[in-house]
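Inspection log for the structure reproduced underneath, given as structure tokens.
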There are 2 protein chains.
Amino acid sequence: MSGEFDFIQTYLSDRQMNRKDVHLSLGDDCAIVKAPENVRIALSTDTLVAGTHFLANANPAWIAHKALASNLSDLAAMGATPAWVSLALTLPTIDEPWVKSFCDAFFELANYYHIQLIGGDTTKGPLSITLTVQGFVPEDNALTRDGAQIGDWIYVTGQLGDSRAGLEVILDENQRHKPFASELEKRHYLASPRILVGQALLDLASAAIDISDGLIADLGHILHRSEVGASLNVEDLPCSKELLDFCYSSRVAQQYALSSGEEYELCFTVPEENRGSIESALAHTGTLVTCIGQVRTQGIFEVLHHGKPVDWQLSGYDHFKA
Amino acid sequence: MSGEFDFIQTYLSDRQMNRKDVHLSLGDDCAIVKAPENVRIALSTDTLVAGTHFLANANPAWIAHKALASNLSDLAAMGATPAWVSLALTLPTIDEPWVKSFCDAFFELANYYHIQLIGGDTTKGPLSITLTVQGFVPEDNALTRDGAQIGDWIYVTGQLGDSRAGLEVILDENQRHKPFASELEKRHYLASPRILVGQALLDLASAAIDISDGLIADLGHILHRSEVGASLNVEDLPCSKELLDFCYSSRVAQQYALSSGEEYELCFTVPEENRGSIESALAHTGTLVTCIGQVRTQGIFEVLHHGKPVDWQLSGYDHFKA
């Protein structure tokens with residue numbers, strides 16, 4: 001590789017169908033795009049840094065998937081339809097097999113969601129990836145964090161806790177002998193952004209967020225913005241069979257489910273009157289959803305095990321916390 | 001500082017007027033914005049990495065200015081009106097004075113151009129900054145690289161070469177004794193994005209680019225995309241008095257002007273029939289523009305000194321080149 005112009009030509013050009021709303025993509029000073037009328041644009045930016053969000057020697061295909069999936073998950077949490085992405089890739093050196101594997105996985109996921117790469121930058125430096133995704137939401141109908149009302153039911157998609165178990169396997173070789181260690185490692189990287197669920201929830205949910213910092217922390221953002229409280233029933237938390245085997249204990253698995261970050265499942269609240277519609281509205285998504293608690297008045301935050309408060313020490317995930 | 005939520009609260013919130021087209025900015029999963037009808041969106045992403053684009057111990061205000069100005073320069077090169085920016089900031093640690101100085105300079109420049117911070121991410125890792133800026137261009141009227149025609153005149157804004165001289169001062173202490181060394185160092189960081197010029201050129205220029213890799217390399221992009229050639233007159237290159245003094249020679253200064261990257265001046269081509277309108281169209285911008293050559297047939301690339309070819313070895317700037 002002789003330079004970044006070749007980089008675009010070799011790895012990024014001609015990997016995608018051209019969306020009709022993209023008038024100019026790679027190769028000029030800017031991309032030129034146009035959003036349809038009657039929609040608003042939802043935008044999210046995420047950075048993944050080697051050593052912080054993944055190990056530098058991780059499978060590059062998994063890194064690419066995680067980077068794009070985690071960013072798409074933010075669109076999912078707003079109920080948005082993905083459209084465009086820009087990729088800023090910082091690499092210490094151009095390792096051709098690494099870059100090929102990264103780009104193959106990136107475009108596989110991008111093409112699945114019909115999202116077009118419209119811009120980017122490749123620079124030399126410590127390995128990191130910053131993505132900015134954009135999608136469309138109907139005017140005045142995005143899922144936000146501030147709409148939860150007392151009495152609403154609290155749901156999550158999928159199963160929780162696998163990502164933390166996978167992270168432990170990644171960070172500690174001694175965890176590799178545990179049941180399903182390799183499978184959980186893979187799940188840590190290969191989350192499915194809940195795009196279809198988010199879209200289906202636009203008319204049903206009162207608030208939503210994606211679980212990137214851990215259920216407790218992210219639900220906390222909904223509660224804070226909505227000025228309400230909550231009670232959660234830990235026996236209802238959806239945990240995978242693999243997690244239960246890995247943890248050797250349902251109690252530990254439940255603790256993982258409450259605190260595991262980078263799950264990229266959705267947590268959302270649903271008013272009583274919409275509860276009956278959830279199942280049919282989400283049937284086409286093929287995604288499990290589970291009611292795990294209820295919205296309470298502000299100041300209440302109960303984590304209950306068969307109705308009794310638990311005294312577990314739990315916290316969310318924060319890169320800058322000690 | 002305890003975490004990234006506090007980071008947003010402390011450094012990023014309440015620093016700006018809310019644009020009417022921003023419906024939701026920081027603090028949810030996504031920002032929500034809406035472009036006016038009858039415009040298209042121009043988007044550019046740039047990463048600046050410590051050690052590659054600036055020294056880690058550089059003035060944080062200058063780093064912030066350079067990051068945003070270089071990104072805005074891409075909008076300028078399309079003739080776009082800036083609107084929104086997202087900031088992904090990766091920091092090894094939160095050094096409060098550093099972050100305050102960085103953010104103060106960032107918002108000073110952002111507010112000058114009425115561009116609103118709508119999203120971002122703060123992560124822990126080696127110092128780097130990725131910005132994605134968006135602006136508006138009229139439908140079917142952006143400045144692109146592919147419209148230069150044989151006979152068009154080649155112009156540049158401002159003065160060229162200062163950035164390279166400044167970079168030499170930054171990288172080599174021995175250069176500090178040279179005339180205007182400190183002033184040139186400052187100019188390396190504190191370029192002015194040519195937003196007003198770009199807008200004024202929308203109906204006049206046939207092609208445009210901003211000079212980030214060096215005049216030769218960036219003009220080369222216009223020539224390649226437009227399938228034309230060029231001749232340049234080095235005696236017409238606009239060099240500052242400070243650069244001439246720093247270089248002790250007009251010939252060396254001209255070489256700097258041809259190859260200096262990260263200038264963030266515009267290079268643009270103007271058809272003969274629009275040449276007379278340039279001066280009045282740009283009068284309100286207060287920006288010097290200079291005609292430095294003419295577009296020729298494809299295959300010709302002449303660098304002339306009073307009509308005679310020069311034999312200087314020149315190249316553009318490419319982070320991945322050896």
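Using the three backbone atoms N, Cα and C, a Cβ is placed for every residue, glycine included.
It should be emphasised that the depicted structure is a prediction, and the values quoted were computed from it without experimental measurement.
Cβ contacts within 10 Å of B:Ser44 (Mg(2+) 4 binding site), excluding its own Cβ and spanning all protein chains shown: 28. Positions annotated as Mg(2+) 4 binding site by TrEMBL: B:Asp29, B:Ser44, B:Asp74.
For B:Asp29 (Mg(2+) 4 binding site), the count of additional Cβ atoms within 10 Å of its Cβ stands at 28 [all protein chains shown]. According to TrEMBL, the feature Mg(2+) 3 binding site maps to B:Asp29, B:Asp74, B:Asp210.
Annotation source TrEMBL lists Mg(2+) 1 binding site at B:Thr45, B:Asp46, B:Asp121. Just so you know, the Cβ of B:Asp46 (Mg(2+) 1 binding site) picks up 24 other Cβ atoms within 10 Å once every protein chain is counted. Secondary structure at B:Asp46 (Mg(2+) 1 binding site), taken from DSSP and collapsed to helix, strand or coil, is strand.
A sphere of 10 angstroms centred on the C-beta of B:Glu262 (substrate binding site) encloses 24 other C-beta atoms. Annotated substrate binding site per TrEMBL: B:His53, B:Glu262, B:Tyr317, in sequence order.
Note: B:Arg145 (ATP binding site) has non-local neighbours B:Ala207, B:Ala208, B:Ile209, B:His221, B:Ile222, B:Arg225, B:Ser226, i.e. same-chain residues 6+ apart with C-beta under 8 A of its own C-beta. If you look up TrEMBL, you'll see B:Gly120, B:Asp121, B:Arg145, B:Ser212 marked as ATP binding site.
The Cβ of B:Asp213 (Mg(2+) 5 binding site) has 25 neighbouring Cβ atoms from other residues within 10 Å, across all protein chains displayed. Here TrEMBL flags B:Asp213 as Mg(2+) 5 binding site.
What TrEMBL records for B:27-137 is domain 'PurM-like N-terminal'.
For B:150-302, the entry in TrEMBL reads domain 'PurM-like C-terminal'.
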Among B:Asp74, B:Asp121, B:Asp210, the one of these binding-site residues whose Cβ has the fewest neighbouring Cβ atoms within 10 Å: B:Asp121
Secondary-structure category, per DSSP, in which B:Asp74 (Mg(2+) 4 binding site) falls: helix
Spatial neighbours of B:Glu262 (substrate binding site), counting only the binding-site residues B:Asp46, B:Asp121, B:Asp210, B:Ser212, B:Asp213 and Cα distances within 10 Å: B:Asp210, B:Ser212, B:Asp213
Other CB atoms within 10 A, centred on B:Thr45 (Mg(2+) 1 binding site): 27
Number of helical, extended and coil residues in the domain 'PurM-like N-terminal' (B:27-137), per DSSP: 36 helix, 46 strand, 29 coil
Binding-site residues (B:Thr45, B:Arg145, B:Asp213, B:Glu262) in Cβ proximity to chain A, threshold under 8 Å: B:Thr45, B:Arg145
Listed binding-site residues among B:Asp29, B:Ser44, B:Asp121 whose Cα sits within 10 Å of B:Asp213 (Mg(2+) 5 binding site): none
